[in-house]
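Noted in TrEMBL for the protein shown:
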type	residues	note
REPEAT	117-150	repeat 'TPR'
REPEAT	159-192	repeat 'TPR'
REPEAT	201-234	repeat 'TPR'
REPEAT	243-276	repeat 'TPR'
REPEAT	285-318	repeat 'TPR'
REPEAT	327-360	repeat 'TPR'
REPEAT	411-444	repeat 'TPR'
REPEAT	453-486	repeat 'TPR'
REPEAT	494-527	repeat 'TPR'
REPEAT	536-569	repeat 'TPR'
Amino acid sequence: MTIDPSKISSSITPFAMIDKHSALPQEQEILFTMHTVFRIVEITQTPSNSRLWEVQLTITDESDPQLSTLTNRIKEEISGRRGYRMGKLMLKVGHLDQAEELYDELLKGASDDRERAFIYYQLGWLKDQQGKYQEAVKFYEKFLEINRKTLPADDASLANTYNNIALVYNNMGDYSKALKYYEKSLKIKEISLPPNHPDLALTYNNIGLAYNNLGEYSKALEYYEKSNKIYEISLPPNHPNLTTSYNNIGKVYRRMGEYSKALEYYEKSNKIYEISLPPNHPNLAISYNNIGEVYRRMGEYSKALEYYEKSIEIKEISLPPTHPDLAISYNNIGGVYDSMGEYSKALEYYEKAFKIREISLPPTHPDLAGSYLCFAAWYERMGDYTAALKALQNAYKIQQKIFQEGNPAFASTFSWFGSVYRGLKEYSKALSYFERCLEIARKTLPEKHPYLGLDYSNIGDAHRLMGDYERALAFHQKALNIQENVKCNPLDCATTYINLGETYREMKDYTTALTYYEKGLKIREEKLAKTHPDLAVIYHHMSKLYFSTQKYSMAMKYVQQAVEIGQEKLSSTHPHLVEYRETFEKIRKKQKNSSLAVFLLLSGGL
């Protein structure tokens, strides 16, 4: 079947979703035409005429009540005439390049300002989806320019355009400007719409998004819940807009450290997406990405990687190669490999993400700062503290330009500054940065947030390195009060156990030190690959403990494990590997001297 957009009958009501109750493949879409229900198998442009698309159809039926309910709703959403309807359908199902070509053709034939304004609006939305944000703003402004000739600035018809401009600024990382446009939209909608109208819910949702990005999580949750309440009343239970609501509530809970709740809302969102969208739709990719992020923060790295890879598979098909959403996925996959100790793979993905962001984002976008933070983390793991410091300074310069003092984004940056200065053995500077991180976290996060546990543990470790064992123990206990009582990454708890072990070892309380080392070791051996560099760290600590208690064979056993991992995973000049080898030599010499002493004793030489 071949369709010319200029000759589409107004009786056709197209609509895209997956019918999970059907025996037909789930990757197909649905088209209603002349009271017969078809599934769209594939839409391809004909080589002979760029205005024609070939549509492969298979027949089905509309007996499913869920399908019928959702169909009626989306019929309203893609109403229109002739080619305009096809453009809306293409945008709905994520065929952005085809939609752009169609709208360019329609723009050439537009007969008046009204038609041109509509096309500018659709192109603005399309450019936003493509990640071409400056072009999106340009088209929306053209739409407003035409409409301002005949309409007042607060006319009800302009509310959605203000909302969409705000979304573009949000994507550009200018959250304050985004909030300004959202509030313009809300002011109009609260006057012109009934209190349970879905468009009002959309604006509440987006204001929540702005507050979320500004780090004001309680305000974000307030607006997201307002939005969700309206959607659940006014929309069918499998409507795509509900997924946005569930997804954003999940995001707030994730940032508040309530990972179980976050996963609950993300999975509700994903369930609807899998029913209502084609399997290669960009929104489904975002959903998989978000579920992966929760699993990563819970320390479930294999599950995280599984969902991240599902996400990137869709994005690489459905998005342009320089789309910022691709960078998000590459960056997240890099983060998982980093946590798994696969540092070369981590760097590969971090560089992919950075290359896209340099091309597609403004130089002060927060995601660019995020890339620099990832590089800093990677260099810190490699023991190249000078390079790590340089990357951190690049991230901090960007953040200072776009965020107000005390913004949650600074917390992570200060924490990494602390880690790098700790590696450089500048412990007072490390402590200062860890304390600045904690100050922000206390103001912006719930008191039992897992990140606070990490902050307390880092501060405790800095006090240990400065010889203040009493304070070190106090902060480590604060960390455990959180980590042992909330759903967090068990590896974070393992780090605190190991830090406590180090503190007690330096205090020469070897029995207590061994107890905490064994707790940390058990978690790391359960959660990490056998050659993970973090296992080498605990093996090295235990070798030093056994050396201090003169159990040289046990000390040698553990230091050999540390050296073997270090030689496989770290560079030959990495400070950790250098230290492992020094400890190995120290133990070897002690064993040699002990063996010689025993030999002389037995032979009567002593």
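Yeah, the Cβs are placed from backbone N, Cα and C, and that goes for glycine too.
The listed stretches are 117-150, 159-192, 453-486; of these, 453-486 has the most Cβ pairs under 8 Å to the repeat 'TPR' (494-527).
If you look at the repeat 'TPR' (453-486), the same-chain residues 6 or more away from its ends with a CB under 8 A from one of its CBs are 257, 415, 418-419, 422, 425, 427-428, 430-431, 434-435, 437-438, 441, 492-493, 495-496, 499-500, 502-503, 506-507. For the repeat 'TPR' (159-192), the model's average pLDDT works out to 89. Of the recorded ranges 201-234, 285-318, 327-360, 411-444, the repeat 'TPR' (159-192) has the largest number of C-beta contacts under 8 angstroms with 201-234. Counting same-chain residues at least six beyond the ends of the repeat 'TPR' (285-318), those with a Cβ under 8 angstroms from any Cβ of the stretch are 94, 243, 247, 250-251, 254, 259, 262-263, 266-267, 269-270, 273, 279, 325-326, 328-330, 332-333, 335-337, 339-340, 450, 487-492, 527.
Long-range contacts of the repeat 'TPR' (201-234) within the same chain, counting only residues at least 6 positions beyond its ends with a Cβ under 8 Å from a Cβ of the stretch, are 159, 163, 166-167, 170, 175-176, 178-179, 182-183, 185-186, 189, 195, 241-242, 244-246, 248-249, 251-252, 255-256, 407-409, 444-445. For the repeat 'TPR' (117-150), the list of distant contacts is 84, 87-88, 91, 94, 96, 99-100, 103, 106-107, 110, 157-158, 161, 164-165, 167-169, 171-172, 282, 319-320, 322-325, 360: same-chain residues at least six beyond its ends, Cβ to Cβ under 8 Å. For the repeat 'TPR' (494-527), residue counts in helix, strand and coil come to 31 helix, 0 strand, 3 coil, using DSSP. Taken through DSSP, the repeat 'TPR' (201-234) splits into 31 helix, 0 strand, 3 coil.
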